[in-house]
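Worksheet: the structure to be examined is printed underneath.
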Amino acid sequence: MDSGRRTRPATGDTAQHTGTERRGAVVAALMLAMALAALDSTIVSTAVPQIVGDLGGFSVFSWLFSGYLLAVTVTLPVYGKLSDTFGRKPVLIAGCALFLAGSLLCALAWNMGALIAFRIIQGLGGGALQGTVQTLAADLYPLEQRPKIQAKLSTVWATSAVAGPAVGGILAGYADWRWIFLVNLPVGAVAMWLLARHLHEPQRDTSGARPRIDWAGALAVFACGGVLLTALVQGGVAWPWLSWPSTAFFGTGLALVLLVVVIERRAAEP
């Protein structure tokens, strides 16, 4: 689907435009963003008793994890295309803003359905954090130095994901479960400020062809993932595996898989 006339990134050096004196601040922002995305993939797990006790909805609480991870996974290729088209900085800052908006909404949730919906919004922003951070880090360093920075970011991811359950349990047990989402706000705000102040990208060429973003393919993949995930999560819980709802969901998922294949084969820039 055509997104209208836009500009493309010029062939320039992000590292040169940012400068070595600012690169440390940008890397710090990338680490904060990576930590947020990783932390929120696991932080909810130990707060489930408090959340369910407050909001109810025990039968669907697994969607707090599944909805977030589905949104992150499906949007990764979309954000990759957007960052190639419009630049890393605006995509990463916009993704961080969406993630923080989702976090605030999660903290204000009034029932389990609302919390699940807001977790999906949070995941839509988390996809930008998870995907764009690694790409931007590669832009900032020459080839021979990239393994070192990638290792640092991977360490931040692993440490944050492992620490998530402990942090969630402490906040839910000694404060309130809503703080597991509110704690994201100051951290994310610092990351956005550092990116806005210190990250400089090269000017973009406005004379190129109009970029095409495969929105239809992205929506089809999201729908396919949602249907199949519903079948897997709810099967054996809300209905028996060998039942017509299970058959209907898996059948619809298979049809959507075929639709994704057709759309991607026809897309100008899949």
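Don't overthink the numbers, they just go from 1 along the chain as shown.
Even glycines carry a Cβ here, placed using N, Cα and C.
According to TrEMBL, the feature domain 'Major facilitator superfamily (MFS) profile' maps to 26-270. Taken from TrEMBL, the feature region 'Disordered' covers 1-20. The feature transmembrane segment is assigned by TrEMBL to 25-48, 60-79, 91-110, 116-141, 153-171, 177-195, 215-235, 241-263.
Sequence-distant contacts of the transmembrane segment (241-263), counting only residues of its own chain at least 6 positions beyond either end whose CB sits under 8 Å from a CB of the stretch, comprise 214, 216-217, 220-221, 223-224, 227-228, 230-231, 234-235, 270. Taking pairs at least six residues apart, the transmembrane segment (60-79) and the transmembrane segment (215-235) share three or more Cβ pairs below 8 Å and count as touching. Note on the transmembrane segment (215-235): residues 1, 3, 62-63, 66, 70-71, 73-75, 77-78, 241, 245-246, 249-250, 252-253, 256-257, 259-260, 263-264, 267, 270 of its chain, located 6 or more positions outside it, place their CB under 8 angstroms from a CB of the stretch.
In the predicted model, the domain 'Major facilitator superfamily (MFS) profile' (26-270) has a mean pLDDT of 88. Packing against the transmembrane segment (177-195) from elsewhere in the chain are residues 25-26, 28-30, 32-33, 35-36, 39-40, 43-44, 47, 50-51, 54, 89, 92-93, 96-97, 99-100, 103-104, 106-108, 122, 167-168, 171: each is 6 or more residues past its ends and has a CB under 8 Å from a CB in it.
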